[in-house]
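Working notes, beginning with the structure itself.
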Amino acid sequence: MTFIGWCQIALFGAVVVALVKPLGWYMTRVFAGEWTPLTPVLRPVETMLYRAAGVDPKQEQHWLTFTLAMLLFHIGGFAIIYAVLRLQALLPFNPAEQGAVAPDLAFNTAISFLTNTNWQNYGGESTLSYLSQMLALTHQNFLSAATGIVLAMALIRGFSRASVRTIGNFWVDITRCTLYVLLPICIPYALFLVWQGMPQTLGSYVDATTLEGAKQTIAVGPVASQVAIKMLGTNGGGFFNANAAHPFENPTALSNFVQMLSIFVLGAALTNVFGRMIGNQRQGWAILGVMGVLFVVGIAVAYWAEASGTATLDALGITGGNMEGKEVRFGIVASALFAVVTTAASCGAVNAMHDSFTALGGMIPLINMQLGEIIVGGVGAGLYGMLLFVVLAIFVAGLMVGRTPEYVGKKIEAREVKMAMLAILVLPLMYLGWTAIAVVLPSAVASMGNAGPHGFSEVLYAFTSATANNGSAFGGLTGNTFFYNLTLATAMFVGRFMMIVPTMAIAGSLAGKKLVPPSAGTLPTTGGLFVGLVVGVILIIGGLTFFPALALGPIVEQVSMSAKTLF
């Protein structure tokens, strides 16, 4: 570890925090339908879209209607993605003449991008046409990201409103999010990436002659436009198989820093939106503080583990830490930081191979996902995931003092706690259940690239990543099989929607409650005590849930590596 390395981490954190308030102010006004600097340009477009779709922007929805609209929207999205992938060979913008995607792979990919997971059992440049990348994937990157933000806004309204039956209008929210938030950022962002050296073309792949005289085909395409929303929307699916480790997908140190920044910025800003909408910005800062504590611990451990290397490397006289699977142009600190950022959020993009991290270094991204990616998290999903843990923490605190739990003026009762537990328990049920099945089925075991604890970690990582809607992977696992295409798609679908439905039920329940004025017995929720309480509940619930599985994988692998019995 170096002083310069810690300075890079500190600079990243400082820039994220500096952007929280201005973006929070802007997003609050967008979803409240108030004036913004872009209103004169975009309001006519917004109004035209409502008229074309027959949507009344003043008509709000009950939580169940809101949720059903979201589900119908996703059914349509799935149909479009699947159809484009299966008909790819017949559609235009296919200069490499890619064939139709196999049914099971198309199903897996459609569910993957629908749920904001972007798990990829294929190499983009060798499997998909430009039209598939743009119409099926990039298009869905915008919509899945907007959906996450919209769902977070619905839950925020549940906390901020009183004695009402509605939590907003799904169609209005998703239109405003796409028009006013995602597109205005992604357009200049994509131009910045082109300036940094990223391709943006519909031209054919380039045939080149290397210095040795060999022929090589260089894949290009509409990369910058996809990468911009891939990062901002915490989608993560790469245009190229190597994802952000590819020089065309992440050309420079500056593009690497900005891509990490874009992964975090909207999720962090939503904590400020929460504070503004409930009338107390300190509440938002407290939630961001919980996220910050967990993030700092994670990056400290990951950076230390990768910079320290392994006992085997030390015995060979190799100094400088573990550089296996990392780009020299980024080094250890930028690779470790990217890994923690991409799994603290539900992004899943990678600029290094997580499978090549040390056992302890690779365990941190795994833990981030197993906690539910609540450390900033996916756009929207991180905030509503964190608020579920806040509900449980407030409930525990209420039990300790013998009072009905309250949070920001709303009583937390049995219905909210049951729904929160249902949403939280979905993740371990999926990733532990499918992992247990996969490690005993011969056909699934055959896909493992390694035996022993690391092979177990590969399978556990895959199902954790799918259930948490992350999409990153330990690359040693061959995922493009019928078993993994089907089971990972199931994990992605359940992990997304079985968390959303209980969350929306909580939003509807809270919106119908009266505001309770604070009293002498009300737990303060803006200070260090509250931050510590929430962190403690997260670690206790998480530790009890996934520690046994970690003990079979990365922990025993780390112990073996330290004893020089396993590299």
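Keep in mind that glycine also has a Cβ here, set from the backbone N, Cα and C atoms.
Quantities reported herein were computed from a predicted structural model and do not represent experimental measurements.
Looking up the ranges 37-56, 357-376, 497-516 in Swiss-Prot, the one annotated as transmembrane segment turns out to be 357-376. Looking at 3-23, 381-401, the range annotated in Swiss-Prot as transmembrane segment turns out to be 3-23. Remote same-chain partners of the transmembrane segment (330-350), defined as residues 6 or more beyond its termini with a Cβ less than 8 Å from a stretch Cβ, comprise 1-2, 4-5, 8-9, 12, 116-119, 230-231, 234-238, 243-245, 253, 256-257, 259-260, 263-264, 267, 291, 294-295, 298-299, 302-303, 305-307, 320-323, 357, 361, 364-366, 368-369, 373, 375-379, 381-382, 465, 468-472. Below 8 angstroms of C-beta separation, residues 257, 260-261, 264-266, 268-269, 271-272, 288, 292, 295-296, 299, 303, 307, 332-334, 337, 341 of the same chain, each at least six residues beyond the ends of the transmembrane segment (3-23), sit close to that stretch. The stretches the transmembrane segment (136-156) and the transmembrane segment (254-274) are in mutual contact, each linked to the other by at least three Cβ pairs under 8 Å (pairs 6 or more apart in sequence).
Across 179-199, 285-305, 421-441, 473-495, stretch 285-305 shows the highest tally of CB pairs under 8 A with the transmembrane segment (527-547).
Away from its own ends, the transmembrane segment (285-305) comes close to residues 1, 5, 9, 13, 17, 20, 268, 271-272, 274-275, 322, 332-333, 336-337, 339-340, 344, 357-358, 360-361, 364-365, 367-368, 371, 374-376, 382-383, 386-387, 390, 525-527, 530-531, 534-535, 538 of its chain (Cβ-Cβ under 8 Å, at least six residues beyond either end).
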